Amino acid sequence: MSPQTETKASVGFKAGVKDYKLTYYTPDYETKDTDILAAFRVTPQPGVPPEEAGAAVRAESSTGTWTTVWTDGLTSLDRYKGRCYHIEPVAGEENQYIAYVAYPLDLFEEGSVTNMFTSIVGNVFGFKALRALRLEGLRIPPAYSKTFQGPPHGIQVERDKLNKYGRPLLGCTIKPKLGLSAKNYGRAVYECLRGGLDFTKDDENVNSQPFMRWRDRFVFCAEAIDKAQAETGEIKGHYLNATAGTCEEMIKRAVFARELGVPIVMHDYLTGGFTANTSLAHYCRDNGLLLHIHRAMHAVIDRQKNHGIHFRVLAKALRMSGGDHIHAGTVVGKLEGERGITLGFVDLLRDDFIEKDRSRGIYFTQDWVSLPGVLPVASGGIHVWHMPALTEIFGDDSVLQFGGGTLGHPWGNAPGAVANRVALEACVQARNEGGDLAREGNEIIREASKWSPELAAACEVWKEIKFEFQAMDTL
């Protein structure tokens, strides 16, 4: 009989209920390099100590249940249990705490974002002892991140495929998002691409509806891409949304896109699910397709600052599951995004190594050990006057996506695309020559518009458009 077995036998089994904190709150624990670390914003119910609330979260997401069970004696709980190792109050908030938790790596299936989230957030958010709970951050150890393929290609490979360097990429979502026939949809794509955009895009809910079946849309968009490439000499693409009701149908659509010779497909990764997304990412790497990711449904999960999952966690999960682009807010447009927080998760998407920085919402140092990076996509309510700020905020490794800011041009889609391309090139040139985009941005756009009637018309249309609301998600 092993010493471990003898110890368990000597303790014996005592039925009943005991406080979680007696087992799962371990303030003396020293985290291991292989642990997955999590930071939870915990709001306990009145009368519930923060140590008990934090330990309850750990128990339910690892080895615990509501009562003592005799099968606890058949394994080593000390090896497999999650541990709440630190709790700190949230400044300026009453009865709210950040609880830090360490999970042993053996609790998780290799290469499965689905299993990771099922374990960490799958059941605990409904606990009665908690008024609210939010997952604010994760530290993914190299030992776990190396079990994931990650993005199909990554930033450098994408630039090499497109032969485009030294500037952000330009995109446009085709509008109206629903109701166009496939041929008219393809015409809109062609006009935008020939005007100077790098990409056009299906919107998130364009799948295969009665007014435009997916196969027809794919064919007409491929024709538009080929024609625009022939006219401009540039490589072009359209994000063909492969999201479908089943994984099999999704892959079938991706296969058809590859057969048409297009460079990129798209997936709604939250509504489609992480298992489907990872499957599509693997197919895209094996078959040379780039993968654009839309985050439809994210605000249901991340909008409330006290409950849910912060988008920085969803962004990390996407980098693991796989995607070459992902929408990341704009800071300046119609969709919410506070600058420091947004740039925090943009770095988590693009960089190899990111230092802990609570001022930007980064709770843990993250080492991706060369997992390919993801291009952040700025999209939502942006137009030519935003171009200097977007270029300064997001830098070259980004996609700036103008939907209404292209298609709403008074002269049509192609002039709208020209206006955006001229504005971008002017901002990049000014920056490269030492200009200050933050201070001189409006003047740079005005000067460029003297030489571009398309840009001048766009400047006139959108000169008064602003989206000035207080961001809900603050540190």
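Glycine too: its Cβ is placed from the backbone N, Cα and C atoms.
Feature annotations, reproduced from Swiss-Prot:
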- K175: active site, proton acceptor (ACT_SITE)
- H294: active site, proton acceptor (ACT_SITE)
- N123, T173, K177, R295, H327, S379: substrate binding site (BINDING)
- K201, D203, E204: Mg(2+) binding site (BINDING)
- K14: N6,N6,N6-trimethyllysine (MOD_RES)
- K201: N6-carboxylysine (MOD_RES)
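The recorded positions close to R295 (substrate binding site), defined as a CA atom within 10 A of its CA, are E204 out of K175, K201, D203, E204. Using a 10 Å Cα-Cα cut-off around K201 (Mg(2+) binding site), the binding-site residues N123, H327, S379 reduce to an empty set. H294 (active site, proton acceptor) and N123 (substrate binding site) are 26 Å apart (CA-CA, integer value). K177 (substrate binding site) sits 14 Å from H294 (active site, proton acceptor), taking the C-alpha atoms as the reference points. The DSSP secondary structure for R295 (substrate binding site) is coil. Between the alpha carbons (Cα) of D203 (Mg(2+) binding site) and H327 (substrate binding site) lies a span of roughly 12 Å. Listed in chain order, the residues near the Mg(2+) site other than K201, D203, E204 are T173, I174, K177, D202, N205, V206, Y239, N241, M266, H294, each with its Cβ within 8 Å of the site Cβ centroid. Here E204 (Mg(2+) binding site) is compared against the recorded positions T173, K175, H294, H327, S379, and the shortest C-alpha distance is to H294. Only H327, from the recorded positions T173, K175, H327, place their Cα within 10 Å of the Cα belonging to H294 (active site, proton acceptor). Ranking the binding-site residues K177, R295 by C-beta neighbours within 10 Å puts R295 at the top.
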